[in-house]
Amino acid sequence: MTSSSPQPYAEVIGDPIAQSKSPLIHGFWLEKLGIKARYTANHVTADQLGGYFDMRRGDPDWRGCNITIPHKIAALDHVSDPGDIRGSIGAVNTVFRGTDGALIGTNTDAGGFFLPLAEMDWSGQSAIVIGAGGAARAVLFALARAGIGEVTLLARSGLKAAGLLAHFGLKGKVLPFDAKLLPAALLVNASPLGMKGQEPLHMDLSPLAPDALVYDLVYVPLETPLLKMAKSMGFEAIDGLDMLIGQAALAFELFFGEKPPEGHDDELRDILVR
Ligand code: NAP
């Protein structure tokens, strides 16, 4: 089926794109809700990005797109930015059509990340965040909005990490990866370490608060060495599928005007780890 089909559609764009799980997630929800629309993956290279948005702008069936590597920053040059995503998180992962037809860029990664943490009061709590890339920006944005206290950022580029803390108005410090951890209520891995094909994270988690939560954004594998260690030490662990499904849920509503169906998360998680 091509994009000129009269059926409404949304898609995920990136280069490469075959690894994206977004078509599985959105396709699952569309089917459950009986919505006659489709969600596909579209390989778009950096030099095709401007042309892509020019074409979709005039296509009334196109409801929007998710954006993955390497276009999350470059896409900002092609869409409206009423929420000042450029000045805050600095990257868009979702573009949808506003009521006036304008293509609006937004970021659902921060909201998706925070969904499993939303029941807790994080104001004044301390957190450790690993990594200083795009995912870390969404994490820091969400934590700053939640009123987090001290943030320790573990990163290989101290300058970049210090810039991020300042950008989000966060108090805290930057430490190298091999530093001894400080007591904290939350540890987030926002680096690819522990992902299939990458080095695992080796750190002593014992300084964390006894009821600390360990959250790994990596979802391949679902149980990373970090989460395995955290569980074995009695910490509560959150895996990367929670954020993946959460960010998709927020985008789904923007594309198709309905919330994803409730009560099917376990079935969806089973499909995603197959
Ligand atoms: P990114 O923009 O490339 O940033 C990666 C960060 O990790 C950078 O700060 C980088 O350091 C650091 N890093 C990379 N390799 C490292 C190494 N070997 N040693 C030390 N630091 C290293 O990537 P991203 O988009 O932030 O993604 C990070 C991870 O989060 C990925 O595994 C991704 O799959 C996951 N993620 C998950 C979700 C979800 O929904 N669950 C959403 C987004 C991302 P430099 O700054 O020095 O380059």
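Every residue gets a Cβ built from N, Cα and C, even glycine.
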* Site co-member for NADP(+) according to TrEMBL, given Asp84, Gly131, Ala132, Gly133, Gly134, Ala135, Leu217, out of Gly105, Gly194, Gly240 -> Gly240
* Other than its own, how many Cβ atoms are within 10 Å of the Cβ belonging to Thr68 (shikimate binding site)? -> 19
* Among Asp84, Gly131, Ala132, Gly133, Gly134, Ala135, Leu217, Gly240, recorded NADP(+) binders, what is the largest CA to CA distance in Å? -> 26
* Any idea which of the recorded positions Lys72, Asp84, Gly131, Leu217, Gln247 has the thinnest Cβ neighbourhood at 10 Å? -> Asp84
